[in-house]
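Here the structure is laid out as structure tokens; the discussion comes afterwards.
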Amino acid sequence: MSVELAKVSILGKECVHVGYQIHEHIVKSTLEHCKSSTYVIINDTNVSKVPYYHDLVSLFEKSLPEGSRLLRYDVKPGEAHKSRETKADIEDYLLLEGCTRDTVIIAVGGGVIGDMIGFVASTFMRGVRVIQVPTSLLAMVDSSIGGKTAVDTPLGKNFVGAFWQPQFVFVDIKWLETLPQREFINGIAEVIKTACIWNGEEFARLEANAETFLSVVNNSQTVSVFSPHHNETVELTYTNIESMLEHTYKLVLESIKVKAHVVSSDERESGLRNLLNFGHTIGHAYEAILTPQALHGECVSIGMVKEAELSRYMNILSATQVARMVKILAAYGLPISVNEKWFKELTLNKKTPLDVLLKKMSIDKKNDGSKKKVVILEKIGKCYGTSAHVVSDEDLRFVLSDETLVHPFNNIPEGQNKVITPPGSKSISNRALILAALGKGTCKIKNLLHSDDTKHMLNAVQQLKGATISWEDDGETVVVHGQGGSTLTAPSEALYLGNAGTASRFLTTVAALAKKDGKNDHVILTGNARMQERPIGPLVDSLRSNGLKIDYLNRQGSLPLKINTETNFKGGKIELAATVSSQYVSSILMCAPYAEEPVTLSLIGGKPISQLYVDMTIKMMDAFGIKVTTSTTEPFTYHIPKGNYINPAEYTIESDASSATYPLSFAAITGTTVTVPNIGSASLQGDARFAVDVLRPMGCEVTQTATSTTVTGPPRGQLKPLKHVDMEPMTDAFLTASVVAAICNNGTTNTTTIEGIANQRVKECNRIEAMVTQLAKFGVRANELPDGIQIHGVNSISELRQPSDAGIETYDDHRVAMSFSLLAGMVNSDKKDDESSVRILERQCTGKTWPGWWDVLHSQLGARLDGAEPSTTKSSEVKKSVVIIGMRAAGKSTVSKWCAESLGYRLLDLDEEFERQYGKGTVKDFVAESGWDEFRKEETRIFQEAVDKYGDKGYVLSSGGGIVERSESRQALKRFAESGGIVLHLHRDIEETIVFLKSDPTRPAYIEEIRDVWERREKWYHECSNFTFFAAHCSNEIEFRNLRHVFSNFIRRVLGAEKIPVPSRRSAFVCLTFEDLSDHLSKLDEITYGCEAVELRVDHLSSFSSDFVTKQISLLRAATKSLPIVFTVRTVSQGGKFQDDDYDLLESLLKVALKNAVEYIDLELTLPNNILYNVLNKKSNTKIIGSHHDFAAKFPWDDAEWENRYNQALSLDVDIVKFVGTAVSFDDNLALEKFRSTHTLKPLIAINMTETGKLSRVLNNILTPVTSKLLPSAAAPGQLTLAEINQLYHQIGGLPAKKFFVIGSPIGHSRSPILHNTGYELLGLPHHFDKFETEDIEVVKKELLTREDLGGLAVTIPLKLDIIDSMFELSEAAKTIGAVNTVIPLGKNKFRGDNTDWLGIKNSLVSNGVPSSVSGSAGLIIGAGGTSRAAIYALKQIGCDTIYMLNRTTEKLQKLKSEFSEEYKIVVVESAEQTESIKEQVSVAVSCVPADKPLDPELLNKLERLLAKGTNSSFKPTLLDAAYKPSVTPIMKLARDKFNWNIVPGAEMLVHQGVEQFSKWTGAKPPFKAIFDAVTQE
């Protein structure tokens, strides 16, 4: 196949040549027209892998004339190398090769190469000739045309460059064959852009060919080819360009023509050329945030939609044109919103804050100073004016946000008179599409509503092959080519209908007419979450009774539906309950002519709802050739004959009468005039009566002809309430009437009563309830009636209340949003200069029926609008609750209490809530009386109510074991998890559970074996939960406390209450390669000494079952005190043991990791994209390490492989990059360090394996993989212990030896030296800790604070206060406690004073079973000395509500209390009698009195009374004695023996405060157990 070679002129020269397979033409033209001694082909290493590149180079070499030479230069790929440094490297190469001014440079590549090499050519030898050979679609149509060249700088893209026109641009379509699919689609954005601004005909051609294009590109394949340049087989994408060659050639050529024309008219971008930036002002702002995950064209696509919406908002571009643009971008596979699910996943759910977008937009070359300029469209193919226009931040904010601020309508002039034409009726549009699709012949439908609903309907009609659709009149007319229903067939994919209720009901019956297509023997209708709650049951029941097989795939009575195509629509007598929705009636009516027999449709259950809509359907069927007759003998019965619709040549949709109520009501409330020119008394729609039946009685002047309606409102504040109005003929309009009624008051009454609207409870939301709820925010009282609403209007407009910043909920309901947009503007509208505003949420939902409503309200009716980010008030109030599920006896009740205490949440036990509501006994009693099935139904109801009420309010909901038994409960659990809630599966070993349950008589008995119950439920627990915690069996109190501690850390990390930051200093993790950790638990603590994390090599485990792996994670956490886990499944090709291609098992293991909330997942960058993105989008608070290993020593550190993988890691936005090479020579370590120094955008772990590579491990900065002497072998060649790394680092000068001292007097018995020196020795640190005894601070200043090798000071009495004056800064703890026990050098003779005594107290308590948050409990402190101050601070930090203090004398305590703020809630206990009034649980105590003196009897009496108040604590009450000799003090003995308190010796406090010092000084993680043992041994 071939196409003709086209030549396009730029600046008077035919220099752009476009064709297919034009290598010979490229070489011939270059050698003929650009004679030179030296030709240099410059490309990136990705292009040099393509065989077509080698064909070009080979042909060039063969064709060179004598005396000429060809040089080639490869650069590293990617935007990161479009830099001044790369440019300099290229120039140095050219100079070294002796290139002179006659050199011709040929740039072969995408936009990065074209831009950069063009800039090289413009400056080398003050300018040499350049030829562009673009290889990507984006480069072909954009960057290669026009002579703009540049490189990036750290401050921005393309900031340094020049205009330098190429001699030729050779555009060879053949290059696109190997362009990756996403890059291909990325380039299409620029093609569509040029058609939008200049070429309407080409836009229409692009529309017509979209399906073919996307089909070809999406079916591209990966092929293996040999690359001579790389001497290896490489994988490339192959797209069958020849199958759409004419279309591709044309789209490239036409796009180039537009840009060439514009460039020729305005080469230096002074005016016309900036039209080429349509979509780029906003698109570039998105790109700046979303790069590198999002591509340029993807962001420009979103930018085009936003800038088109801005044009519509300014009343310049029609809604139809915007709809066409949105449709074509989506049709070519481009994103149209940052909120599209696939695009959000691709960009890893990055946020695009409004203020950041505006800031990015302010840095744009089109701007006029601080004024932002945007290209405005007039219509498809034509811009508004000849350059970009200045737009306000206010308008930009509106377009960019989904929340609207409506300012008071105090700017609307009296006497304003407007003509507003609402879009086509949704009801008529949807019916017309169904009738035309079922009809025979071509029908041109005019004024069709372009909305989400009709978009879904059009797509569905085409998917069902019911008709072909085309467009005329710039998209204003839809042309339906109907086939009389004969071609309806089942599609291979589900019909997605969003929240389009009308479409779902009409299409249910249409789908029943479809025939089987090959293997496709059913049609699935589905929609969004709200659509899957809306009712469709009566229609389905009716169709089922007529012989059709229809299944619900989720909840009964709602979508999704599965409609079998092998059963037929029989017809005959059909009965239908029509008291809920008239759309059920219309659905059967419209499809009835295609039943096997004539249909008699009887509506049962009472008077049908919305009769006027049924009449509308019948009248429209008549217009399409089928006459329905109403029975004269049976009520609400219709006879429909068999037949085919005959499509009228043209059908015009009248405007939507429901939508017309909004501008007409605007006139009513503002005292102005509005005319709707195409809705009058002859309308098919019941809502056309709104002005006459509602607004006129309210006091408006109404003029209505057969085809138009005009409303003039009375002076503001003079509308009258309606005593009663039946809105059954126009139910959708009740919302508009309600907001108008909110400001109605005739002086004697203010109550409006609306009835006949019961069906509004099952629309997009329960609209009656929504209206009552939201009106209340304006201070308007309303109440529900059985089939209506009563509104009690305010006495005057000035009484309308300003809603809070949380805003007005719209419930994703277009009519709620539009109605409240009117009332919002009336708030403060009586105050002339008031700038307040009312926030309306989810404004985009108006796209369902009137996408341009806000534009009309703003640009035509004159309202002032602004946009806003979602309110922080609202998001800060949301505390996602935790639902705990699991088998009976898994420990849910206990763990739920732990959970609530750890998070500061409230606890609701759902079984207890059931018993409270039941009121007649226990669950066991109810089951005995009513059976399990009834209990399960009630359980579901109570759970759903609890989630609705408490789901965002910080609750722990503890469920019964069988909550997963009912499908409805499972769906509710899944929905809660999908909405961001935590559904935690608490799991225990099933064997232990069985033993326990068999011995517990208090629970209702299972009617089957416990193991069978578990096997049935197991999969449900897994599928309903988004997190899992395995609670190991505890055989003693210590294990139980440890489990609580581990769980507390786990749940706080899940909720983000405890963050695990990526280390910013030297750190390590130890690698475990055991088959089963349970055999090595006693050694794990010591193995992990000094490490910030521990790697679980899952590929080495003996089993990959999810249960086994979950247990291993649990064991590891318990044994290492919740040390962060690196979860690694290393594949064989990356040096591990896991099979390379077992992706299903790998995905299941990664899912286990995510559900167990491991702190890190090592994700190999060679894995398929779908696995990578799946993990990245579900990672929650888990950090991702993107890793790549080169075991074969195939890639030196300057190879493009590492660069490509680094760019890949950046695009995936992993948290840490981990690269492991293999050192062959010592120089490989130096090459690695050079790579490390230039790759600093992400934390980087970079090491070399083998003995030769050990230096790289020593020099690595963060999370270096290490081994331990206690492990049988290292996990990788050359791996070192942490101590070895530190010793080597010291020896090469990286870790200078420091001196540390404890200062004060007396310190002869101080354990600090042994504490710290033990840690230094174990971790291989070169430091030494000694005693320095003195009482004189001046000696300390002179002899210690001046030492250059000083690492830190531990300060004890009497210097804790004296040292403060020598400190440059103090920590918050030191300031509050008023003492310093830790001195940290800051450099330059400056020091920071800190206090770790409080951490010694806090961590001693927490490590002995006290929750990290004890909210609801009180604390107790005995003593008034210096340690008491630290104790006060510590107890406040763990959340004690009140702190009680005891001492022999209270004077010191009163002074101490006065030195702390009231928020500490310190209560000095003066007498024993005072303790009687204390009602709180006293659960935590710290003794700060000497242990070598007997306690005062009165103090002892008060102490005993307070210790007695710990008996009902939710955790075991715990006392710490700060004295560490003797090991059990008298107070400890009293608390333990008499009051059953848990006791903690002072030695633990000593060690805990000491290891905190150790960590602050060295940055290393101290080996706690070894230090503790060393300190406490006598």
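Any Cβ shown, glycine's included, is placed from N, Cα and C.
Swiss-Prot annotations:
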- GLU269: active site, proton acceptor (ACT_SITE)
- HIS284: active site, proton acceptor (ACT_SITE)
- CYS845: active site, for EPSP synthase activity (ACT_SITE)
- HIS1189: active site, proton acceptor (ACT_SITE)
- LYS1218: active site, schiff-base intermediate with substrate (ACT_SITE)
- 44-46, 79-82, 110-112, ASP115, 135-136, LYS157, 175-178, ASN186: NAD(+) binding site (BINDING)
- ARG126, ASP142, LYS148, ASN158, 190-193, LYS259, 273-277, HIS280, HIS296, LYS365: 7-phospho-2-dehydro-3-deoxy-D-arabino-heptonate binding site (BINDING)
- GLU190, HIS280, HIS296: Zn(2+) binding site (BINDING)
- GLY886, MET887, ARG888, ALA889, ALA890, GLY891, LYS892, SER893: ATP binding site (BINDING)
- 1-393: region '3-dehydroquinate synthase' (REGION)
- 882-1071: region 'Shikimate kinase' (REGION)
- 1072-1284: region '3-dehydroquinase' (REGION)
- 1297-1578: region 'Shikimate dehydrogenase' (REGION)
Worksheet item: Using DSSP, would you call LYS82 (NAD(+) binding site) helix, strand or coil?
Response: coil
Item to complete: Given the cut-off of 8 Å on Cβ pairs that are 6 or more apart in sequence, determine whether the region '3-dehydroquinate synthase' (1-393) and the region '3-dehydroquinase' (1072-1284) share at least 3 such pairs.
Response: yes
Discussion item. Limited to the region 'Shikimate dehydrogenase' (1297-1578), I'd like the whole-number average of pLDDT.
Written reply: 94
Worksheet item: Of all the binding-site residues given, namely ARG126, HIS280, ARG888, LYS892, which is spatially nearest to VAL112 (NAD(+) binding site) at the Cα level?
Response: HIS280
Worksheet item: How many Å separate the Cα atoms of LYS892 (ATP binding site) and HIS284 (active site, proton acceptor)?
Response: 51
Worksheet item: Which one is it: of the binding-site residues ILE192, MET887, ALA889, whose Cα lies the shortest distance from the Cα of ASN186 (NAD(+) binding site)?
Response: ILE192
Worksheet item: Which has the fewest other CB atoms in a 10 Å radius around its CB: LYS82, ARG126, ARG273, LYS1218, the listed recorded positions?
Response: ARG126
Worksheet item: Which chain neighbours of the Zn(2+) site, leaving out GLU190, HIS280, HIS296, have a Cβ atom within 8 Å of the mean position of the site's Cβ atoms?
Response: LEU138, ASP142, ALA189, LYS193, GLY279, GLY283, GLY297, CYS299, VAL300, GLY303
Fill in: Integer Å distance between the CA atoms belonging to LYS1218 (active site, schiff-base intermediate with substrate) and SER893 (ATP binding site)
42
Worksheet entry | Other residues, Cβ within 8 Å of GLY886, MET887, ARG888, ALA889, ALA890, GLY891, LYS892, SER893 Cβ centroid (ATP site) | GLY961, LEU986, ARG988, THR993
Discussion item. Within a 10 Å radius around the Cβ, which one of these binding-site residues has the most neighbouring Cβ atoms: ILE192, LEU276, MET887?
Written reply: ILE192
Discussion item. My understanding is the cutoff is Cβ-Cβ under 8 Å with a sequence separation of 6 or more in the same chain; which residues meet that for the residue listed as 'active site, for EPSP synthase activity'?
Written reply: THR810, ASP812, ASP813, HIS814, VAL816, ALA817
Worksheet item: Any idea what the Cα distance is from LEU276 (7-phospho-2-dehydro-3-deoxy-D-arabino-heptonate binding site) over to GLU190 (Zn(2+) binding site), rounded to a whole Å?
Response: 9
Worksheet item: For LEU176 (NAD(+) binding site) and GLU190 (Zn(2+) binding site), what Cα-Cα distance in Å is obtained after rounding to a whole number?
Response: 15
Worksheet, complete the sentence: Spacing of the two Cα atoms, ARG888 (ATP binding site) and LYS1218 (active site, schiff-base intermediate with substrate), in whole angstrom, works out to 43
Worksheet item: Between the recorded positions HIS280, GLY886, LYS1218, which lies closest to ASP44 (NAD(+) binding site), Cα to Cα?
Response: LYS1218
Worksheet item: So of all those binding-site residues, LYS82, GLU190, MET887, ALA889, ALA890, which one's Cα sits nearest to LYS1218 (active site, schiff-base intermediate with substrate)?
Response: LYS82
Worksheet item: So which recorded positions out of LYS82, HIS296, MET887, ALA890, HIS1189 end up within 10 angstroms of HIS280 (Zn(2+) binding site), measuring C-alpha to C-alpha?
Response: HIS296
Worksheet item: Considering only the binding-site residues GLU79, ARG273, ALA889, which fall within 10 Å of GLU190 (Zn(2+) binding site) when distances are taken between Cα atoms?
Response: none
Practice prompt. Name the one residue among GLU79, LYS82, ASN158, ILE192 whose Cα is closest in three-dimensional space to that of GLY891 (ATP binding site); these are the binding-site residues.
Written response: GLU79
Item to complete: Mind giving me a neighbour count for ASN186 (NAD(+) binding site)? Other Cβ atoms within 10 Å of its Cβ, every protein chain shown.
Response: 24
Worksheet item: Want to know which recorded positions, from LYS82, SER136, HIS284, MET887, ALA889, ALA890, are within 10 Å of ASN158 (7-phospho-2-dehydro-3-deoxy-D-arabino-heptonate binding site) at Cα; which are they?
Response: LYS82
Worksheet item: Any idea what the Cα distance is from SER136 (NAD(+) binding site) over to ALA890 (ATP binding site), rounded to a whole Å?
Response: 58
